[in-house]
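Asker: Dumping what TrEMBL says about this protein:
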- 7-37: domain 'Flagellar basal body rod protein N-terminal' (DOMAIN)
- 84-126: domain 'Flagellar hook protein FlgE/F/G-like D1' (DOMAIN)
- 173-299: domain 'Flagellar hook protein FlgE D2' (DOMAIN)
- 374-418: domain 'Flagellar basal-body/hook protein C-terminal' (DOMAIN)
Amino acid sequence: MSIYGTMKTAVSGMNAQANRLSTVGDNIANVNTTAYKKVSTAFSSFVLPSGSGSYNSGGVTTTVVNSVSQQGSLTSTSSDTDLAINGDGFFVVQNSAGATYLTRVGSFSLNEEGYLVNANGFSVLGTEVGGIANTFSDLSPVKVQAYQLTAVATTSATGNTNLDLSAEVVDAAADDTAADNTADSVYTLKSSLTTYNNAGTEITYDVYYTKTDDNTWEVAVYDAADADPTSSTGFPYASSAITTATMNFDSSTYLLSSIETNGVVSTDLTLDIDGISLDLSKTTQYDADSFSKLARDNGNAPSSLDALSVDSAGVVYAVYENGTQLPIAQIPLATVISPDNLSMGTGNVYSLTSTSGAAVLGFAGDPGFGNIVSSSLETSNVDLANELTEMIEAQRSYTANSKVFQTGADVLDVLINLKR
């Protein structure tokens, strides 16, 4: 073994420990970086051929080991567009030049152009809700197109109603029913339906059900704005009923079988209310308490965008001030066979490599993909205590290697001085 070989071996040891300190320094610096994945240094011996009577020291080499596949813990935030992935997968983002990257960092917000972007200005990519996501070319930046929700008139509504089989029959010959619109009108059940017209004006309809015979119920609908404000029942209304009809129930199934309007009997179980089709097919006459829940299927007042929300499947909703939620996009996830072999870039993004495998796209919750958790972020997977231990060990090892180098230098001095 040569003295120079000893010194070179010591230098390789110092370089290796310096690399180790570099990874430790990066890990400690990024301990609070969202979704940061720690890096570590792996050592391997470098061996030179040696004879039977001598040994040639080779030294040590290092490689960097990534831990992209190790998930950090999740922490809650106050932003609905902060997203974390619980399980496998990456968000797909794109920079201004059109380059595509993978990332676990889900801290997104709307920019001035309406795009959902991360802190580096990279746009998160998505599809239409229910769209196809097979390759990156199927994706496009998620953007809010409508900051103002325009008024839409209600055209249909649905009822979920049960009218008590045991309810007392109102004698229409002796008493005024709701359809008669008098101060003495008698009814069995009252419900209401809120709708909107083309101008976005809210219109509420009062719907009255009156049992007039076995398996027969009268339904009468009024504009709630016409109700008598001095009456506890609302009767008499300022205008006559918008529509009246007779509902007939099957005596064996207790399901609504037909509706009679203006003398015409129809099995199309809908009721027309000022051009709004109210679906009554879910109306029953069971021996249970009466109830009626009526809800519009469409229609809304004009409203401004209030916020965005994202569900566990990655569907992005535009939430407006009036409470309306409209799905605008769906954020897919990408997986690779070997995430630890991805190439790390600035901003905690990753690029595909020949050893990482190709990206496979899918949606959160699908087999092989994690779930998206909104109002949460993934923390780094750095263990600070472990990194401090690594730092001390690297420092001591560096010192020991420097002693080897110093000893080799001292021996070399002895050899030089032999000539004197």
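Cβ coordinates are placed from backbone N, Cα and C, and glycine is handled just like the others.
Provide an account of the burial state, proximal residues and distances for the features listed.
Answerer: Within its own chain, the domain 'Flagellar basal body rod protein N-terminal' (7-37) has Cβ neighbours under 8 Å at 43, 46, 57-62, 64, 66-68, 70, 72, 103-107, 344, 348, 377-382, 384, 387-388, 390-391, 394-395, 397-398, 400-402, 404-405, 408-409, 412, counting only residues six or more beyond its boundaries.
Panel annotation: around the domain 'Flagellar hook protein FlgE/F/G-like D1' (84-126), residues 34-35, 37, 71, 74, 136, 139-145, 147, 308, 314, 316, 329-336, 339, 342, 345, 347-352, 359, 361-362, 364, 368-373, 376-378 of the same chain, lying at least six beyond its termini, place a Cβ under 8 Å from a Cβ of the stretch.
Residues of the same chain lying 6 or more positions beyond the ends of the domain 'Flagellar basal-body/hook protein C-terminal' (374-418) and with a Cβ under 8 Å from any Cβ of it are 3-4, 6-7, 9-11, 13-14, 17-18, 20-21, 24, 27-28, 30-38, 40, 67, 70-85, 104-107, 309-312.
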Asker: Quick one: average pLDDT across the domain 'Flagellar basal body rod protein N-terminal' (7-37), no decimals.
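Answerer: That stretch averages a pLDDT of 90.
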